[in-house]
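Participant: Before I ask anything, let me first share the structure, which is written out below as structure tokens.
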Amino acid sequence: MSLRAKTCPQRREMASATSGPGRCVSKGGLGRRPPLARVRVAVRLRPFMDGETEAKELPCVRAIDSCSLEVANWKKYQETLKYQFDAFYGEKSTQQEVYVGSVQPILRHLLEGQNASVLAYGPTGAGKTHTMLGSPEQPGVIPRALMDLLQLAREESAEGRPWDVSVAMSYLEIYQEKVLDLLDPASGDLVIREDCRGNILIPGLTQKPITSFSDFEQHFLPASRNRAVGATRLNQRSSRSHAVLLVKVDQRERLTPFRQREGKLYLIDLAGSEDNRRTGNQGIRLKESGAINTSLFVLGKVVDALNQGLPRIPYRDSKLTRLLQDSLGGSAHSILIANIAPERRFYQDTISALNFTARSKEVINRPFTNESLQPHALAPVKLSQKELLGPSEAKKAKGPEEESTGSPESTAAPASASQKLSLLQKLSNMDPAMLENLLSMERLLGSQGSQGTPLLNTPKRERMVLMKTVEEKNLEIERLKMKQKELEAKVLAQEAPDPREKENTPTILQPPASYSGTVAKPLKKAVVMPLQRIQKQRESSNQIQLLKKGPKRKLEPSPESEAVEKDEDYWEVQISPELLAHGRKKLLDLLNEGSARELRSLQRIGQKKAQLIVGWRELHGPFSEVEDLEQVEGISGKQVESFLKANLLSLAASQHSGPS
């Protein structure tokens, strides 16, 4: 069965309706805030299924105008319930009217890099699948939208136009909370993901490129036969799953700045809600009906949460709402077509569908343009081997004739040499592929009139001059370092103590360069200090000393042979007894008089131990010595020993460095 039969006149009519200024791609809006777009809703009333029912009873729905309808109130028969929507299509409306009035206007947003979605909603047997698919004589929304979209893509990709447009399709169904690929039924259950920008995607979903309507039919018709359908009391071909046709429109700009746009069109045929008491579902049909009703119930919860402005929207409660996250409250231009039946036996289903549709029109979406720049738009340019070599490698690669050659002009660096030096040093060790991209970008900027420094295009002789300047600066830095070391040696010689005073003062040994202790390293520049500060340092050296204890053997690996033993000096910090006694007294005073907060400032004392110390002190009085902490329940002797090591030196040093 072909979807194209008897549609050629309508196709020409739609193509002429979409041509003109209304189809132009929007040039602005990239830097502005995305405008708000309300979900547009339309209601379609199908005719009676047979003439006998139409002759026996009146319809429970009556049209008021092209946007309003009224339904009999089952509570009060003398009153009616009135509803107003964006569009209302009566039982005599055609597929062409529904498509042109509600669906066709949103197709232009796809060429602007925005998303759009069309949802068919309603109870079972209300005509949703007929609205979306139709028949060969009356094609529905899906074939009409694909014909127009492919026509727009061909016009936009014509020779001389700035954009190259491609179209691809995917087709899936949600059956019993499983996402199944209708183009590849053997792929199994797929997962729904969300990227860093909040876009919903399905990894592993088959994507088929299409260039004509024949390509679309070739993929779509066999895939439609894979959709789950079944017979119930109310519908002989009831859809047992939600079907989603995803059409992706990619646009690539042919000229600079080589922008790329991506628009997606979701065409969704929802399964209808069912009352199992009337459908007589049993077994697998009952299980399918439960999954359908659950997903539609979550869909209603999502709409209510969006209307109430709740902080959490339950998109993840079902696969359907997760997939529709972009269509409801997301970034898509959405159209909801609610299908209802005129028979009185469908009255409750009709009221439920109309109430859901009325709530859905309050949902606000925020469409935006999905636009990016192509990172690989520039053609790579290969560099020669000499251009990729750094300064040292270039010098080694030069022959003796090249080294000896030179001219007076080559010794003069350009005025902007200081700006090029650091950049050339970075470029010399850069990845070759990145260098190719940089060179391509530089040539592009040069063609646009850029005044940047052409580092990679500098002549060979000028680059040699710059490298020579870099080497001269490195030699000058080495000379400055040697001069600094000489100045440091002179300062240390002036500060050396008199040999006659050596017998009366303790020797202070400097640790070797390999010693990694807590002693601060000497400054590497000459500093003139006042006499009072030097005197304080000499007095402090009598309190804390770093003594050499003797050689200590250490095994070190050798590159030529096995491990070799090496003697290293062993150092030990020695503190004067007076300073230790003062620190111990200060620590004991803090244990006896400090509050719990002050005790927590000590090392190895937390909230629990501080409370234990305060409680023990209240029961037994003050501590006579610091070692009495062992008597506190929960504090062992090892903990007291580590407590002393952690706090004695810091308290003594703080007291010693404080004001006298």
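The backbone N, Cα and C atoms fix where each Cβ goes, and this holds for glycine too.
Not my notes, these are from Swiss-Prot:
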- GLY122, PRO123, THR124, GLY125, ALA126, GLY127, LYS128, THR129: ATP binding site (BINDING)
- 460-505: coiled coil (COILED)
- 405-418: compositional bias 'Low complexity' (COMPBIAS)
- 505-516: compositional bias 'Polar residues' (COMPBIAS)
- SER407: phosphoserine (MOD_RES)
- SER422: phosphoserine (MOD_RES)
- SER447: phosphoserine (MOD_RES)
- SER540: phosphoserine (MOD_RES)
- SER576: phosphoserine (MOD_RES)
Participant: Check each residue in the chain of GLY122 (ATP binding site) that is at least six apart in sequence and keep those whose C-beta is under 8 Å from its C-beta; list them in sequence order.
Facilitator: LYS128, LEU270, GLY272, ALA338, ASN339, ILE340, ASP349, ALA353
Participant: Where ALA126 (ATP binding site) and SER576 (phosphoserine) are concerned, what is their Cα separation in Å, rounded?
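Facilitator: The separation of the Cα atoms works out to 98 Å.
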Participant: Applying the rule Cβ within 8 Å of the centroid of the Cβ atoms of GLY122, PRO123, THR124, GLY125, ALA126, GLY127, LYS128, THR129, what extra residues of the same chain belong around the ATP site?
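Facilitator: So the extra residues in range turn out to be ARG46, ASN235, GLY272, ASN339, ALA341.
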Participant: Fewest neighbouring Cβ atoms within 10 Å: which of the recorded positions THR124, THR129, SER576?
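Facilitator: Taking THR124, THR129, SER576 as the recorded positions, the minimal 10 Å Cβ count falls on SER576.
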Participant: Quick check for the class: what is the C-alpha distance, in angstrom and rounded, between GLY127 (ATP binding site) and SER576 (phosphoserine)?
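Facilitator: So the alpha carbons of GLY127 (ATP binding site) and SER576 (phosphoserine) sit roughly 98 Å from each other.
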Participant: Between the Cα atoms of THR124 (ATP binding site) and SER576 (phosphoserine), what distance do you get, rounded to the nearest Å?
Facilitator: 95
Participant: Count the Cβ atoms, other than its own, that fall within 10 Å of the Cβ of GLY125 (ATP binding site), considering every protein chain shown.
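Facilitator: Other Cβ atoms found within 10 Å: 23.
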Participant: Give me the count of other Cβ atoms within 10 A of the Cβ belonging to GLY127 (ATP binding site).
Facilitator: 21
Participant: Can you name the residues of this chain that are 6 or more positions from PRO123 (ATP binding site) yet have a C-beta less than 8 Å from its C-beta?
Facilitator: GLY272, SER273, GLU274, ILE340, ALA341, PHE346, ASP349, THR350, SER352, ALA353
Participant: Measure the Cβ-based neighbour count of LYS128 (ATP binding site), defined as the other Cβ atoms within 10 Å of its Cβ.
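Facilitator: Its Cβ shell of radius 10 Å holds 27 other Cβ atoms.
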Participant: CB neighbours of ALA126 (ATP binding site) within 10 A?
Facilitator: 27
